[in-house]
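The block underneath contains the structure these notes are about, expressed in structure tokens.
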Amino acid sequence: MTGDKGPQRLSGSSYGSISSPTSPTSPGPQQAPPRETYLSEKIPIPDTKPGTFSLRKLWAFTGPGFLMSIAFLDPGNIESDLQAGAVAGFKLLWVLLWATVLGLLCQRLAARLGVVTGKDLGEVCHLYYPKVPRTVLWLTIELAIVGSDMQEVIGTAIAFNLLSAGRIPLWGGVLITIVDTFFFLFLDNYGLRKLEAFFGLLITIMALTFGYEYVVARPEQGALLRGLFLPSCPGCGHPELLQAVGIVGAIIMPHNIYLHSALVKSREIDRARRADIREANMYFLIEATIALSVSFIINLFVMAVFGQAFYQKTNQAAFNICANSSLHDYAKIFPMNNATVAVDIYQGGVILGCLFGPAALYIWAIGLLAAGQSSTMTGTYAGQFVMEGFLRLRWSRFARVLLTRSCAILPTVLVAVFRDLRDLSGLNDLLNVLQSLLLPFAVLPILTFTSMPTLMQEFANGLLNKVVTSSIMVLVCAINLYFVVSYLPSLPHPAYFGLAALLAAAYLGLSTYLVWTCCLAHGATFLAHSSHHHFLYGLLEEDQKGETSG
């Protein structure tokens, strides 16, 4: 770890906390220049009267939370929203609300870790976890990033197809995403604030486009408010339950926790002053709350629109609506039967156009395009931070995005060429499940490290935080178990059960290890092993020196 000063000793112990020039307990001189990322620009924080709230200071801290909130608005979330609306109407709006609150709590921990330690979650994982579990953990997060990027590619390809009235085939839209990704790489050359402003513009486009759909759909406000504030689901069965757990899995993204812990490092914070750290934590929490409130409203727009337009609609009804509209050529995408319509982000845009005119279709596609493009860039940042943090490996932006986008495009373009649109949308649903399955590999580490007094000092999680975040972890594990139990019977061949068993064993092995180290961080001394005492007492001084020399 570059520039580390020897750790402060705990009473009678040979262990100490991470201590660097940016640590709250070690304001000593810097030994070597810090490791930089391509977001190395630091935004200065204006001086204001101590103990008072300042809009100027809030504005200076504004940015990381809105970049983080984009993961709550990616094409995977949009598809989850519209499917929940089509399947359950307004009955699952309260699930969306509380999933967003749970997401805010996780992001709060991520921001706090970055502010207090001056290091992102990937860097802290590199310091504390041994090589083998650290490498496996890194691979799982990379898998989550590639999965998220695939969703962005799918959403963008469908948006181009809708905007071109089908002239750009799906595989063509997938290939276009290669070009537009590298175009966005040049944006950060114009400064961090301009980059953050551009992301703000994309969020505004989503708010306006999906807000327009909400206005023209005119959902019933009384039913909407009941669905939002009454935690119940009358008459619901297995499909509604599956959508409910899908909402939680789509909202809380594993790579986003790693991303947020790194983005907060872009602000100049004097970590030698506890008051400045406390103030930064407060302003970042306010900003994240505002950003996720905006993302919640946008998600609500989508779920409410499709709860109004699609709920309990049959394929025959959708066919008739389109056949009698100016978009009658699209009617053929709906089978002529009385089965409940299975909606996706493509069919969603079509039915909006059939119901409310072609403008609604094109505006939907623009919003979908904004969702895909904004998520593309945040995924690139997350990949860069994760690779640098876990591996101490610096790649150029071009090389990093080429790796991620290649891994995302190859399977996506194969599905787009050799299968149909329904398979592409089905792949999107499967990727939402993947994100949920990988979520413990972000939540467990952030809960572990933010609960360590040796690392976080007075900013470690209190009892209430530990109870709430542990409850989130239990909820996530229950959701994953439900997904697995629901999915296993659909495996096409008995041979797949063997592969599933191997993957499950590896998954449980890593999860068990992370739970064990989390228990150590919470003070379970009876579980301690000599090679893992640092989860209880902090890092050995020679460990930190080794990082410095490395």
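Cβ atoms are placed via backbone N, Cα and C, with glycine included.
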Per Swiss-Prot, Gly85 and Leu455 on one membrane face: no
Tally of DSSP helical, extended and coil residues in the topological domain 'Extracellular' (77-85): 9 helix, 0 strand, 0 coil
Stretch-averaged pLDDT - the topological domain 'Cytoplasmic' (517-550): 65
Recorded stretch, among 86-105, 143-163, 197-217, 401-418, 430-450, maximising Cβ pairs under 8 Å relative to the transmembrane segment (59-76): 143-163
Nearest-integer angstrom distance between the alpha carbons (Cα) of Asn338 (N-linked glycosylation site) and Asn324 (N-linked glycosylation site): 18
